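> Grabbed the feature section from Swiss-Prot, which reads as follows:
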COMPBIAS  1-10  compositional bias 'Basic and acidic residues'
REGION    1-252  region 'Disordered'
COMPBIAS  28-47  compositional bias 'Low complexity'
COMPBIAS  70-87  compositional bias 'Low complexity'
COMPBIAS  148-163  compositional bias 'Basic and acidic residues'
COMPBIAS  193-205  compositional bias 'Pro residues'
COMPBIAS  233-247  compositional bias 'Basic and acidic residues'
DOMAIN    278-590  domain 'mRNA cap 0 methyltransferase'
BINDING   N287, N288  mRNA binding site
BINDING   K291, G314, D338, D379, M422, F423, A424, Y427  S-adenosyl-L-methionine binding site
SITE      K317  site 'mRNA cap binding'
SITE      K323  site 'mRNA cap binding'
SITE      R350  site 'mRNA cap binding'
SITE      H426  site 'mRNA cap binding'
SITE      E514  site 'mRNA cap binding'
SITE      Y601  site 'mRNA cap binding'
Amino acid sequence: MASKEEERTGQRPSISMYDPARDRWEEQPVVPAEPASASASIEATPTQTSEAKPVHDSTVTSTSESLHLPQTTTIEPSQQPEQQQKQPPIPTPPSSQSRRKHKINKMGDYYRSGSADAYAEQSSPAADSHKRKLEDETSEQQPPADQANDRPISKRKRLEERHQKLRKRGQAPPSAYSRRDGDETAARAAPRPRSPSPPLPPRSPSPEVQARQRKRPGGGARRGLVDPQTLRRRQEERERALEEDAMRNSQSRGVTDIVRQHYNAVPQRGREWRKTESKIKGLRSFNNWVKSTLIQKFSPDEEFEKRLLVIDLGCGKGGDLGKWQLAPQPVDLYVGLDPAEVSIIQARERYAGMRSGRGPRGGRRGGPPLFHGEFRSKDCFGEWLGDVDIVQQVGIDPNVGPGGSMMASRWGGGGFDVVTSMFAIHYAFESEEKARQMLRNVAGCLKKGGRFIGVCPNSDIISARVEEEAKAEWGNSIYRVRFPGDTPEDGIFRPPFGWKYSYFMEEAVGEIPEYVVPWEAFRALTEEYNLELQYRKPFMEVWRDEKDDPELGPLSERMGVRDRTTGELTMTPEEQEAVSKYTPLGFTSAEGESANGTGFYHAFCFYKV
C-alpha cells in the first residue's frame, strides 16, 4: 500500500545516487517495505549483503541506505502535521559545483590508487555519511527531486560533456563525419599494393649538332636569329609604306587646301567689270543662263504651295543669289556652304547688298521679298553636315545610304526641298570616301520628293578626247586641260575615282586640280542613296531645247547670251569650244544620257525617292 506521504504528494520518495558508469548523479525511488515473507532477506546483515554483491555495484550501497529509512505507517489526520515534523527530510541531489568537487575527488582517489579497491572504499557505507552530509548542505539550494526527474540529460548534452573532457586533456573531439565515416576512411587509408611501373625505353643518343649560340638580352634576342639583310629589307618596306601614307594624306589635304586658297585669292571685280571688260564675258553669261534654266525648270515642287528651303553646296561668292530670288516658287531659306572662308565673307556682303537695295522687305518693287540667308564655311564633301547648326534646325537624316536603317532611309529624310551644287562635285571624286560622303550629305538634307540639281564636267567628252589623242592635253587661249600621268587607252576610267587633271580657265580658274566624274559610276552610287536620275544634258543641248522658251528665251537676251537682233550666241569660237567641255547636270530621259560631243559640261537633276 502506498504511504500517506505518497498519497499527499502524489509521488514516491526518491534518493540521489551516484552512478560511476554514467559519471553522474541519478534519482532512485525509495524501495517500500516488503511483506513478512521477505523480511528474512531484508534483515540480513550488511556484511552478508556486501559479500553477495560486487564491489562496484553502487545500487547495493544505495539500497542498504534505503533499508535504514523508517517504515511508512498509517497516520490519523489529526496526527499528520506532527508526524511530518518528526519524519527525516528526503535527501536531495547536490548542486553541480558539489557534484563536480565530489566527482573530482573520487576519480582522483581512484586513479591514484590504481585499483578498483580504492573506488570500492569510496562507495562503502562509511563514505555514504559524507555523501549525505553534502546532500544536507545543498538540499536547500536545489529544486525538488520531482522537478529534476522531469528533465533527463539528453544525448547531445552527454556528447558536449564528453567533448569538454577531451578539450581539457588537449585532444580534439571527433566530428560527426569522422565518426560516421570512420570505417570508410580507414578502408581508404589502408595501403594498397601498386603494380610496378613499366621500365622507360632507353633514350636514343642525341645527334651531334653545333653548339647553340648564346643569346644576349635585348631586342636582338627577342627577334630571333634573322638574317641582317632581311631585317634591313623589312625596315625599308615599313618606312616606304609610312612615307606613302603620309604623302597620300598630305596630297588629300593639299588638294582641299589648294582649292580653298585659290578661290580665296580670286579678286571680287564687280558686276560691271564682268559685263564690259572680262575676256570671257560671253562664256560667263552662257553658264549663268544654264544655271538659271535648271533653277526655273526643277526647283519648284509639284504642289507649288509653300516657300522653298534651299541649301547650296559650294556656293562660292554667292553668284547664284539673284537666280534664286527670281525662282518661280519663292524661297524662304537659303543656306550657302563653301570651304573658302573669304568666299563666304564675300557672299555675306553680296546678300547684305541685296537686302539694302530692295526696300525694307528685301525685295524689288512689286516682286517677292528677299529670302532669309545663312552662310557657313564648311567642307561639304569631306565632312558630315549634321554638325552645322542651321542644317540641324532644318533637318538632316543620318541613316541614308548603305549601312543605315532601311525604314529610316525609306520614309525618313531631311528638311530641304532643293540641294544645288554648281561646278563643284568633281572635287568629291578624289576618292570613293569623299564621293560617298557628298552623296550622304545630299540625300540626308533632302526630304522625300526633293531635287538635287547641278553642273559638272562631262566624262564622255573627256574619254573621247583621251582615246583620240595620245597626248592627254588640249585647250586654247581661254581654257586648258592637262593630265599629269598616263590615261587609259580605251578611254574608260577604272577605278572611277582619283583621276586627276589640272584645269585652267582665263580670269576664273587657275591651274588647280580637278577629278574626272565617270558618269555611270556616279549614277550607280546615287541609286544607293535613293536618288533617281530625271535629267541630264550637255550645255549646248540645253541651249537648243530652251532658247525658244517663252520665259527662258527672253531671259537669255536680258543676260546677254544672244544678240537681240540676230539671235546668235554672243560667245566667241574659243569660248564655245571651252563651253563644250562641260554639260549641265540633270537626270532625265534616255535620249540625253549619253553626251554626243556637244558639251564639255553637262547639267543634271535627281529626285529623292
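Every residue number used here counts from 1 along the chain in the order it is shown.
Any Cβ shown, glycine's included, is placed from N, Cα and C.
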> Looking only at C-alpha atoms, tell me how far H426 (site 'mRNA cap binding') is from E514 (site 'mRNA cap binding'), rounded to the nearest Å.
6
> Going by DSSP, is M422 (S-adenosyl-L-methionine binding site) sitting in a helix, a strand, or coil?
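The residue in question, M422 (S-adenosyl-L-methionine binding site), is strand (DSSP, three-state).
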> Over the span of the domain 'mRNA cap 0 methyltransferase' (278-590), how high is the average pLDDT in this prediction?
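Value for the domain 'mRNA cap 0 methyltransferase' (278-590), mean pLDDT as a whole number: 87.
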> Can you tell which of the binding-site residues (N287, N288) has the fewest other C-beta atoms within 10 angstroms of its C-beta?
N288
> Across the record's S-adenosyl-L-methionine-binding residues K291, G314, D338, D379, M422, F423, A424, Y427, the largest CA-CA distance in angstrom?
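The S-adenosyl-L-methionine-binding residues span at most 22 Å between Cα atoms.
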> Consider the recorded positions K323, R350, A424, E514 and say which one has the Cα lying nearest the Cα of K317 (site 'mRNA cap binding').
R350
> If you measure C-alpha to C-alpha, which of K323, F423, A424, Y601 (recorded positions) come within 10 angstroms of N288 (mRNA binding site)?
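Cα filter at 10 Å returns K323.
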> In whole Å, how far does the CA atom of G314 (S-adenosyl-L-methionine binding site) lie from that of K323 (site 'mRNA cap binding')?
15
> Nearest to N287 (mRNA binding site) in three-dimensional space, by Cα, is which of the recorded positions D338, D379, F423, E514?
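Result for N287 (mRNA binding site): the nearest of the recorded positions is F423.
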> To the nearest Å, how far is the Cα of R350 (site 'mRNA cap binding') from the Cα of D338 (S-adenosyl-L-methionine binding site)?
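On Cα coordinates alone, these residues lie 15 Å apart.
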> Long-range neighbours only, meaning 6 or more apart in sequence with Cβ under 8 Å: which ones does M422 (S-adenosyl-L-methionine binding site) have?
K291, D312, G314, D320, G454, V455
> Could you check what DSSP calls E514 (site 'mRNA cap binding') once collapsed to helix, strand or coil?
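It is in a strand.
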> If you draw a 10 Å sphere on the Cβ of R350 (site 'mRNA cap binding'), how many other Cβ atoms land inside?
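Within a 10 Å radius of the Cβ of R350 (site 'mRNA cap binding') lie 19 other Cβ atoms.
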